[in-house]
Amino acid sequence: MDLTKINPQELKKLSLKELENLAQKIREYIIEIVEKNGGHLSPNLGVVELTIALHYVFDLDKDKILFDVGHQCYTHKILTGRGKEFRNLRKKEGIAGFPKRSESPYDIFCSGHSGDAISVGVGLALFKKPEEKIIVVIGDGSIQTGVAFEGLNQAGFLQSDVIVVLNDNEMSISKTQGAFSKYLNKIISDKRYLSLKQELKSFLNFLPERLKKESEEYLKRLEKGLKRLFLPTTFFEEIGFRYFGPIDGHSLKDLIKIFQKIKELKGPILVHVLTKKGKGYKKAEEDPEYYHGISGKEDKSIEGVFYNEYVGKVLCEILDKEKNAVVITPGMRLGSGLKEVSERFPERFFDCGICEQHAIDFACGLALRNFKPVVCIYSTFLLRAYDQLINCCLLHNLPILFLIDRAGCVPDDGETHQGVYDISYLRFLPNVTFFAPYFLEDLKEMILFALKKDSPVFIRYPKDWGEFKGNTGKIEPEIITKGKDGILIGVGAGTRIAMDLNNKLKEKNIFLTLVDAKVIKPLTISFYRDLFKDNLPVFVIEDNLKEGGFGEYLKNLFPNQKIVNFGFESKFLGVGKRTEIFKKEKLDSESLLEVILPIIINQKVDVKT
Ligand SMILES: Cc1ncc(C[n+]2csc(CCOP(=O)(O)OP(=O)(O)O)c2C)c(N)n1
């Protein structure tokens, strides 16, 4: 079977044996490409058979499959005519690592954040054609998000014609946390039903052959009755779903059988499928957390220390001394650099699961009890808890430290994971203290400062490496070099670009005053008043939207100053490495040089730029 030729129509012609061979080939292909390009390995290896079975039974020219989170869509992409392009997975202009509508009519929704698919499915199901099927594939980690429960709630209430396939591998990125995961485990391991069924079977064996035949139908009904009598109904049944499972998610035969059966049914259905994360690749099976998402072989251009790793180290030092400091993550223990924290301080480390809203409210509760909560959260996922941020944390002015990882443009994941909005959506809010360090010493100083402060503090840093400046950390804007021809201000990662640009300008005998802004809010007005006193042209570089960004803030405060801002335009940024994204958006030092050089030479800056 040629993986570059397979499509949903061809798939339906295959025998079970051929489907099994296909699964093996897809697995090998995914391993080969992900090891090279990077990507989500263990989630995808776990759903190969499940995806093949869904494609085999359902007709995707009329039925719709929604992948929750979407990171497990690789088999789906290969099966829907993208086998060849899959070689360019997560490359600039290549195949995205998440479902993408512009890529294929079979990707019906661009997902990337957990928990949304059931609700989208309920919406799709409402006015669909009677024969059309809506299928949602969701993991046991994602089904715990608040919004997923909201979707289940309405589906049960409306009796929506929607099939939810719960892919239960007992893992989120880390081991799935929370009472609901314990509950799912209980369903899986409840032996009562199985032993009852076994006993009925042995009883049947004692009957004479003729009686056996005659009583088979009766025994089936008896089994159903006994199940109802002795077994508790599942949560899903209680809210109006029909529950099927647990099903072996690696048996194509079982999967096809159950999907063929439920295809004929109407109303909300939940199929509980058991899979192994990393299936078929020993290293990933043994450490599915590490292999959840890996970087590719070509991603090794590291010149410093990664911010998240450094943060993990600093937090360990702090937790050692500050006995009331607690660390909270909504499901991102490894990504946020918290492995050591979680192992050394298990009693003060809380993985709340994929529940950003809850994580912030939980931190509020702890802060009310005089703990010092540190919420480690990705910029993109903080969006989900904006309400809790404003109405719970900021309104009560609670001393919570937010370490905002993956701020700015984010490599590899594309539109759904970008962190370029946070300066714009945080800086104008009340009670916000907000920092964007570039140098690691400053980052540490800011964390220490925040833990002493009695109000909320936000610190943003990118998914990138940072460097030590070899000096003591300071929480104030700092002049790195002085120059006579203008002023160049870097904000966070913008400082690295600014330093680069400054070197290029020096080669052309142009000397700018280079500033590492660091403090977004409260703005150090006296520093900038002094900086701007000679009315030289000012250039601000930030790793955020230009609109609502730091530069715009400066411009508002100094309306007569010549300030030119450089940041991202208001649009969705696609897949690429960070350096590629900066280049594409003309925010790399070479592109900026071309714009800035003539301005300085002509000393003409339109105040309205
Ligand atoms: C709102 C949100 N928070 C966090 C994440 C990061 N994230 C991506 S996949 C994942 C785990 C998903 O677990 P599960 O649904 O069980 O799927 P599995 O990876 O086990 O297949 C997490 C936490 C996200 N995508 N969306």
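Placed from the backbone N, Cα and C atoms, the Cβ positions cover glycine too.
The thiamine diphosphate binding site annotation in TrEMBL covers His71, Gly112, His113, Ser114, Gly141, Ser142, Asn169, Tyr281, Glu356. Residues or ranges marked as Mg(2+) binding site by TrEMBL: Asp140, Asn169. Per TrEMBL, the feature domain 'Transketolase-like pyrimidine-binding' maps to 305-469.
Positions of TrEMBL features highlighted on the structure.
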{"residue": "His71", "record": "thiamine diphosphate binding site", "contacts (Cβ under 8 Å, 6+ apart)": "His40, Pro43, Asn44, Gly97, Phe98, Gly112, Gly293"}
{"residue": "His113", "record": "thiamine diphosphate binding site", "contacts (Cβ under 8 Å, 6+ apart)": "Val69, Thr380, Phe381, Arg384, Thr416"}
{"residue": "Asp140", "record": "Mg(2+) binding site", "contacts (Cβ under 8 Å, 6+ apart)": "Leu166, Asn167, Asp168, Asn169, Glu170, Met171, Ser172, Thr176, Ser181, Leu184"}
{"residue": "Gly141", "record": "thiamine diphosphate binding site", "contacts (Cβ under 8 Å, 6+ apart)": "Ser114, Met171, Ser172, Ile173, Thr176, Gly331, Gly353, Ile354"}
{"residue": "Glu356", "record": "thiamine diphosphate binding site", "contacts (Cβ under 8 Å, 6+ apart)": "Pro330, Ile377, Phe381, Leu382, Arg384, Ala385, Gln388"}
Among all protein chains shown, how many Cβ atoms are found within 10 Å of the Cβ of Asn169 (thiamine diphosphate binding site), not counting that one?
23
Need one number for the thiamine diphosphate-binding residues His71, Gly112, His113, Ser114, Gly141, Ser142, Asn169, Tyr281, Glu356: the maximum pairwise CA distance in Å, whole number please.
31
Per-residue pLDDT averaged over the domain 'Transketolase-like pyrimidine-binding' (305-469), given as an integer
97
